[in-house]
């Protein structure tokens with residue numbers, strides 16, 4: 001059986017990762033991984049990606065084709081674009097409905113496996129010492145705080161140990177991020193990825209809105 005000290009530390013590490021990355025990002029990542037597997041929505045998700053690329057390509061070709069100079073080509077591209085957009089919107093609506101159900105289930109499981117497990121451990125082991133401190137090492141009131149709420153006096157409780165783990169993990173993460181920025185002179189990979197995703201979403205929205213007006 002793993003040490004309770006290690007279990008609490010790993011649990012706090014998972015909570016820190018989820019809070020840093022963001023619950024929505026975790027849900028999106030799991031949704032992408034879910035669609036990589038042979039699931040009921042994997043085919044629709046792959047088709048949506050293909051349609052998304054086709055819409056951007058067709059919109060670009062439409063912009064480069066003059067209806068006055070080459071109307072037949074422009075009309076053909078316009079029909080293809082409208083057809084792809086209609087199919088994409090239909091599939092996207094269906095996928096969003098499935099994703100909402102998936103996200104709700106994942107959020108429940110994630111909460112039970114992190115916050116819920118933490119509450120259970122803190123309640124179940126509230127009277128158990130994580131470890132003992134040398135006698136007389138700290139004043140009485142410090143011993144009382146470290147054993148809060150119900151651990152034996154002179155020991156460190158699971159609540160205090162969890163707080164200590166969370167603080168150490170947070171400080172280590174901030175130090176690592178600061179060193180990364182100082183050494184590479186670049187934003188952290190997480191910040192760079194969020195910026196890239198934001199730019200891609202804005203680019204697709206810019207291509208989609210004019211098409212909706214044409215419809």
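Sequential numbering from 1, following the chain as shown.
Glycine is no exception: its Cβ is also placed from the backbone N, Cα and C atoms.
Under the heading coiled coil, Swiss-Prot lists 45-96, citing sequence analysis as support. As annotated by Swiss-Prot, region 'Disordered' applies to 192-215. Residues or ranges marked as topological domain 'Lumenal' by Swiss-Prot: 1-4, 132-155. Swiss-Prot lists 25-110, 173-215 with the feature topological domain 'Cytoplasmic'. The transmembrane segment annotation in Swiss-Prot covers 5-24, 111-131, 156-172.
Mean pLDDT for the coiled coil (45-96) in the predicted structure: 89. As a summary of secondary structure, the topological domain 'Lumenal' (132-155) carries 7 helix, 2 strand, 15 coil according to DSSP. For the topological domain 'Lumenal' (132-155), the residues of the chain that approach it from at least six positions outside its boundaries are 126, judged by C-beta separation under 8 angstroms. DSSP assignment over the topological domain 'Cytoplasmic' (25-110) gives 75 helix, 0 strand, 11 coil.
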